[in-house]
């Protein structure tokens, strides 16, 4: 087996143009990042901005229609990595940014179904006070897909959970930071028994020291149709554990925390996102049960005091 020094000696004999044009361009992004750490020479070659720009645009087609923040390689590092809410805190979270850019790509079995960019002003009083909701598909329209509805609902849900992938990249053009809020594959897929539509949810949980302050950035993809399915809705909301949704002002604080916080290995995105979503839903269920118990006790006490009061009133009258 050749030693690392022997391999590097062999690579040094290859012309730089051949490495850049015929070798590095064939590598996927994680491999290219690993190669850049092998030597200072390969680091220089693998740091070519045009190379990383092509990788970003091929991985996330929507970003070709917007400005990539602070260099393609830095942008890739921001978006590919996954938010790590256990690695310290972020300062100056209340610092506003005037515009929020969302670049979204939806794939089914590797085929691009939807690719759009949405820009939202964040300084208006309406945005800051209303519950945050960013929609990609107009409520009057639908997007055609190659998805075939299965004979059974379980088959359709299993198919979407396996083959539907999504990236939702949020960008702060002022701070030149970005992050991918999606879990890549759905954390849950279920049929709406009232409408018959199938809802796939992608999510990123943003933790806190207090469970009550933990929130989840939820992306919902709604599909409809009897045989060939269409995308009816693709939307983003930030949900608290109690079930309410954050307004625009508070949502920007959460998004800034994700964009500027510590990052982990992007290869763990699917596994970690699903695990955190399940933990979030379990705590949400426990909180709901606790609230119901408290309300039940309160109702019982109200009835008891009412009976005692009525009994006292009857006793006085007699």
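Residue positions begin at 1 at the first shown residue.
Cβ atoms are placed via backbone N, Cα and C, with glycine included.
Here TrEMBL gives region 'Disordered' for one range in the set 241-261, 262-282: that range is 262-282.
Per TrEMBL, the range carrying the annotation transmembrane segment out of 202-224, 294-316 is 294-316.
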